[in-house]
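Record features, source TrEMBL:
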- GLU208: active site, proton donor (ACT_SITE)
- LYS340: active site, proton acceptor (ACT_SITE)
- HIS158, GLU167, GLU288, ASP315, SER367, HIS368, ARG369, SER370, LYS391: substrate binding site (BINDING)
- GLN166, LYS340, ARG369, SER370, LYS391: (2R)-2-phosphoglycerate binding site (BINDING)
- ASP245, GLU288, ASP315: Mg(2+) binding site (BINDING)
- 7-137: domain 'Enolase N-terminal' (DOMAIN)
Amino acid sequence: MSSRAVIEEISADEILDSRGNPTVEVSVTLSSGVTVNASVPSGASTGEFEAVELRDRDPKRYGGKGVLCAVKHVNEEVAWALTGMRVDDQRLIDEKLIETDGSESKKVLGANAILGASLACAKAGAAESGLPLFRYLGGANAHVLPVPMFNVLNGGKHGQGGPDVQEFKLVPLGAPTFREALRYGAETYHALGAVLVDAGLSTNVGDEGGYVPQLPSNEAALELILRAIERAGYRPGEDIAIGIDPAANSFYEDGRYCLVRDSKTLTTDEMIAFWADWVNRYPLVSLEDPLADGDWAGFATLTRELGSRVQIVGDDLFVTNRKFLQRGIDEHCCNSILIKLNQIGTVTETLDTAQLALSAGYSCLVSHRSGETEDTSIADLAVALGCGQIKSGAPARGERVAKYNRLLAIERALGEDARFAGRDAFRHLRRS
Ligand code: PGA
Ligand code: ZN
């Protein structure tokens, strides 16, 4: 083991993500001989201020979605900048990447090129020091397994023909361990499949592995999920609660929220009242992007009205960016932040944002993207942060399950030291 290892070679390749779109894979080789890969996910319902994912825009390849330019940036500028640097100084590596890019939005090299390099270096640093990634990033005290949020019913941009609400998630916060939480989730996912078959509805799945039934209303999804929880033998709210991500940007048009499934067009105040009604009548513990991302005043009102009873998560609103999070803290918008590495583009900036959130009393929900790869780093990141929450889609589809299986391995490796976050992950549910 030597902490003196330097980056000897860094290169990239164009691979496919889970939707069949190109994405970046980066390989780092150290002077010690250690070689690791990291790959980058890609969103569909993206926030306006996310770091820029560079695409070739060559209509003759992958409909313009090729990433050969980002690959080239890794093979050239990034390799020139990082070769010879010590691998164990992640902050310096990330600063070098940011400086080499030189733009606020990482549009020059591409956030996909930059994150691939940053993450591969972190993984190489971990491998070099003989530590699992969660311990390398999180230190000696990293031991909390997150509550998984299983996106079992998909709509919006991830499930055409489904509800307007993008994600309906099972939150097995009453489970005693992560392993049991995974079982609660998988059993209930299958029970939901049976409920849909009984109702004569489709069990086709969307981008994140959840079913995409055609329903008469958004609320009908909640009723089906409650039925599935009970059918699987669990108590709604006690064993398994519900989380939703409406991704409200995707149905916000000309200043109004257009819920096609409900034949409703709502103002911000009416949209807030709509969610308040759901919070009153269903065991909802987490509400993500309930309003469009420019609506800071609306978020402040909603947080004032509902923030003591439900977790309100800013995803497109904060885009894992300290600057936007700080505004949210100052203006009392949300009480939780979604953490996505590729929204900001480097590992240390992600850690900084999460740190700021936790120190301000916000919870952190570590997240996959709708376009994923087999890379399981987010599982380690969730344990490293000790934040107690992760979402990685349904307990189905290889790229989703890979993260949950990685968490099983981490829980096994921690043995007696492992602690499952359970209800404590949600501030408003803590029994003091
Ligand atoms: P995306 O969706 O990866 O398509 O952005 C995930 C989310 O909105 O949380
Ligand atoms: Zn979201």
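The backbone N, Cα and C atoms fix where each Cβ goes, and this holds for glycine too.
Because TrEMBL annotations are produced automatically, they should be read as predictions rather than curated entries.
Counting every protein chain shown, the Cβ of LYS340 (active site, proton acceptor) has 26 other Cβ atoms within 10 Å. For the binding site of substrate, formed by HIS158, GLU167, GLU288, ASP315, SER367, HIS368, ARG369, SER370, LYS391 according to the record, the largest Cα to Cα distance is 16 Å, rounded to a whole number.
With a cut-off of under 6 Å between the Cβ and any atom of ligand 2, the binding-site residues ASP245, ASP315, SER370 reduce to ASP245, ASP315. Residue with the densest Cβ environment among the binding-site residues GLN166, SER367, SER370: GLN166, by other Cβ atoms within 10 Å. A Cβ distance below 6 Å to any atom of ligand 1 is met, among the recorded positions ASP245, ASP315, LYS340, ARG369, by ASP245, ASP315, ARG369. With respect to their backbone Cα atoms, GLU288 (substrate binding site) and GLN166 ((2R)-2-phosphoglycerate binding site) stand 10 Å from each other.
Confidence in the domain 'Enolase N-terminal' (7-137), given as mean pLDDT, stands at 98. Other residues of the chain with a Cβ within 8 Å of the Cβ centroid of GLN166, LYS340, ARG369, SER370, LYS391, the (2R)-2-phosphoglycerate site, are GLY43, SER45, GLU167, GLU208, ASP245, ASP315, SER367, HIS368, GLY393.
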